[in-house]
There are 2 protein chains.
Amino acid sequence: MTTVLKLGGSVITEKETPETVDDAALQRASAALGGSSGRLAVVHGGGSFGHHYAASHGVSTTAGTRDDVAIREIHGAMKRLNAAVIDALVETGVPAVPVHPFSGAYRRSDGTLRFPEGAVATTLEEGFVPVLHGDVVAHATEGATILSGDELVVALAEALSADRVGVCSAVSGVYDADGEVIAHIDSFDDVAAAVGASDETDVTGGMAGKVRTLLSLDAPASVFGVDGLGAFLDGDDPGTRIG
Amino acid sequence: MTTVLKLGGSVITEKETPETVDDAALQRASAALGGSSGRLAVVHGGGSFGHHYAASHGVSTTAGTRDDVAIREIHGAMKRLNAAVIDALVETGVPAVPVHPFSGAYRRSDGTLRFPEGAVATTLEEGFVPVLHGDVVAHATEGATILSGDELVVALAEALSADRVGVCSAVSGVYDADGEVIAHIDSFDDVAAAVGASDETDVTGGMAGKVRTLLSLDAPASVFGVDGLGAFLDGDDPGTRIG
């Protein structure tokens with residue numbers, strides 16, 4: 001059983017304050033992860049670490065940079081957040097090890113992401129918990145562009161043939177038009193009106209894009225808040241199950 | 001023209017003092033690199049950063065560890081050295097960006113190294129100078145083992161189809177039995193007696209192993225001291241040319 005888990009940047013950082021970890025939320029998430037079993041790969045977003053530098057350098061998932069300073073600043077900030085996440089996980093007994101996407105992933109000139117998964121797969125097989133993150137990646141003909149945590153989760157889940165995907169978010173799930181969490185989404189048409197209108201958007205594309213992408217996965221995915229993380233790791237379906 | 005350059009750990013660190021950079025040597029090397037052109041990938045060894053932790057955890061290129069603490073300590077020390085190398089290179093105008101092998105490389109159960117080169121190749125094509133390092137890597141059935149800078153240089157040169165390989169070492173080249181630098185080595189038999197007897201051995205296998213491996217490369221390689229680095233980057237053959 002291989003699980004890929006996203007810890008949203010908005011969950012584990014104070015989004016309004018540059019480079020500030022939300023220690024309480026990170027500790028709650030780490031406590032839940034400390035009790036989990038099976039093969040687990042973790043991806044975290046950028047929150048107040050990566051986005052600030054990406055914005056200040058004008059770099060996005062499609063707008064590239066040829067400035068090596070931009071790469072070092074964005075990547076450096078994400079490594080500092082990654083170190084904080086790993087420290088918190090280690091405290092709860094998770095054998096966490098860092099995996100930095102810039103060192104292995106890249107985009108072709110058409111924007112297609114390539115993520116050679118051998119190192120992560122071997123790390124998992126050997127009993128460790130790789131902890132990856134949104135990052136900047138080399139992009140043929142564009143210099144370097146952003147790889148969002150959401151895009152990475154999907155790429156990783158596909159590359160590892162994950163059995164389950166969890167997205168631990170700042171919200172409790174995908175909301176319907178009345179503000180209630182939708183238990184199960186089978187097709188985007190069912191929820192297009194509701195998620196299109198949601199205010200609870202993720203910085204790297206919003207809930208609509210997240211739902212659409214998670215529906216495309218072979219594995220079932222769940223979107224839930226940090227309150228639901230323990231239940232998800234126990235095999236339950238907290239929040240919204242997608243697919 | 002793609003060049004792969006090794007900066008020996010014994011060149012850029014004080015080998016006798018844990019986690020101590022040899023600032024003067026690193027600055028001299030960086031000054032030489034600041035004036036270079038063409039595609040350049042840099043690999044540095046571990047010196048007094050990585051070897052200490054590898055030894056204390058009993059990890060080698062073949063003896064694995066299943067202790068996540070060992071991975072984090074070895075890898076963390078190498079990332080600190082990598083950051084110092086990149087800072088020095090940036091000071092001299094090199095558009096250096098970090099590439100951490102643990103995030104992309106791994107070994108199969110028979111010990112074969114796999115190094116997916118796409119991220120490094122794209123980084124080079126886009127005009128940046130990737131700076132890699134000896135590291136710990138996941139190793140199927142063994143946990144994790146050491147990837148030496150020397151092994152990485154050879155793997156990278158092959159993967160990138162490098163035109164030239166430089167090994168900037170603590171010595172001025174490969175010495176003959178009289179202590180003179182050999183200008184050119186075409187076959188190992190010519191120098192087996194001399195290099196086998198050399199005291200100037202590299203910590204990860206010695207000069208004999210280095211010569212043997214460099215001879216196996218398609219690209220010509222040179223072994224030289226930091227004094228020869230500028231000449232090598234200008235296209236000359238300082239020290240010992242191998243192959």
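The backbone N, Cα and C atoms fix where each Cβ goes, glycine too.
Keep in mind it's a predicted model, so treat the numbers as computed, not measured.
Annotation source TrEMBL lists ATP binding site at B:Lys6, B:Leu7, B:Gly8, B:Gly9, B:Ser10, B:Gly46, B:Gly47, B:Gly206, B:Lys210. Its own atom aside, the Cβ of B:Lys210 (ATP binding site) has 25 Cβ atoms within 10 angstroms in the protein chains shown.
In the shown protein chains, 23 other C-beta atoms lie within 10 A of the C-beta of B:His51 (substrate binding site). Marked as substrate binding site by TrEMBL: B:His51, B:Gly149.
Residues or ranges marked as domain 'Aspartate/glutamate/uridylate kinase' by TrEMBL: B:1-215.
TrEMBL lists B:Lys15 with the feature site 'Transition state stabilizer'. In this view, B:Lys15 (site 'Transition state stabilizer') is surrounded by 20 other Cβ atoms within 10 Å of its Cβ, with every protein chain counted.
Inclusion criterion for the recorded positions B:Gly8, B:Lys15, B:Lys210: a C-alpha placed within 10 angstroms of the C-alpha of B:His51 (substrate binding site); this criterion is met by B:Lys15. The record assigns B:Lys6, B:Leu7, B:Gly8, B:Gly9, B:Ser10, B:Gly46, B:Gly47, B:Gly206, B:Lys210 to the ATP site; their largest pairwise CA distance measures 16 Å.
Counting only the Cα atoms, the space from B:Lys210 (ATP binding site) to B:Gly149 (substrate binding site) is about 11 angstrom. The binding-site residues in question are B:Lys6, B:Gly8, B:Ser10, B:Gly149, and the one with the fewest Cβ neighbours inside 10 Å is B:Ser10. For B:Ser10 (ATP binding site) paired with B:Gly149 (substrate binding site), the C-alpha to C-alpha distance reads 11 Å.
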